[in-house]
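S.K.: This is the structure, below, for whatever I ask next.
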């Protein structure tokens, strides 16, 4: 397989098509090939194709990319950030006096565009974590194959005007960003499809933790278009929104969780901040939640 420039990629044919779609783990694991990723207009991008995929990939201005694809193989492309996941930001730049004015920030992804699959495909915020090694998807739309097939349903997460079903499954001796390994996949799959809007990633991270899925150290994250033995076109523009870790998720709704309750007696409700540099509020979480450190600037009741 070969890759061309940042501005244009011809996806070429190789042999041995996969017989069964495997939620793209095979594809994802191979994206660490150096000439399959890079930066363009300030964004990280990743491109992978295999077997008999044909088509073109083009990096556009800013966070835009365009993909056309066909054939019987697998293709995954996208633009985003490396690393993805949480980051530090500032609450009010005009009032900063010390480093303690920094606070913890979950990157909120905003995107728009068109997505027209014919067959097996999906559109997701996609990324990796390490320690533990995790491959994750926040899927807003898909074609005629539901990527949750074969997964274990753990509950739901309400975020950004929609309800997402949470699934997990184990990949055994599968390719990953750390080579062949056994690892978990985390999925949030939107019940009502959409193309465009805001994905507040911190809500999904909190929902995953609340149903027992631990988080690790964040690696890259992209807004990915994926197609397997299908055809279609996708033109997506990705950008960064304004979601913060201090905002409580609008979920999850799950048999394994309870709704947030108001702080009483100096305690902090689920999802609330309970510690961190510069924080001066209560530090005891309402039962049964515990104060969990996200980083030096933010701890949250989970």
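Every residue gets a Cβ built from N, Cα and C, even glycine.
Residues or ranges marked as active site, nucleophile by TrEMBL: 135. Taken from TrEMBL, the feature active site, proton donor covers 226. Taken from TrEMBL, the feature compositional bias 'Low complexity' covers 245-266. Annotation source TrEMBL lists domain 'GH11' at 31-239. Per TrEMBL, the feature domain 'CBM1' maps to 266-302. Residues annotated as region 'Disordered' in TrEMBL: 234-266. What TrEMBL lists as signal peptide is 1-17.
Looking at the shown structure, can you explain where the listed features end up?
M.R.: This prediction places the mean pLDDT of the domain 'GH11' (31-239) at 86.
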S.K.: In whole Å, how far is residue 226 (active site, proton donor) from residue 135 (active site, nucleophile) when you measure between their Cα atoms?
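M.R.: That separation, Cα to Cα, works out to 15 Å.
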S.K.: Go through 135, 226, our active-site residues, and report the one whose Cβ sees the most other Cβ atoms within 10 Å.
M.R.: 226
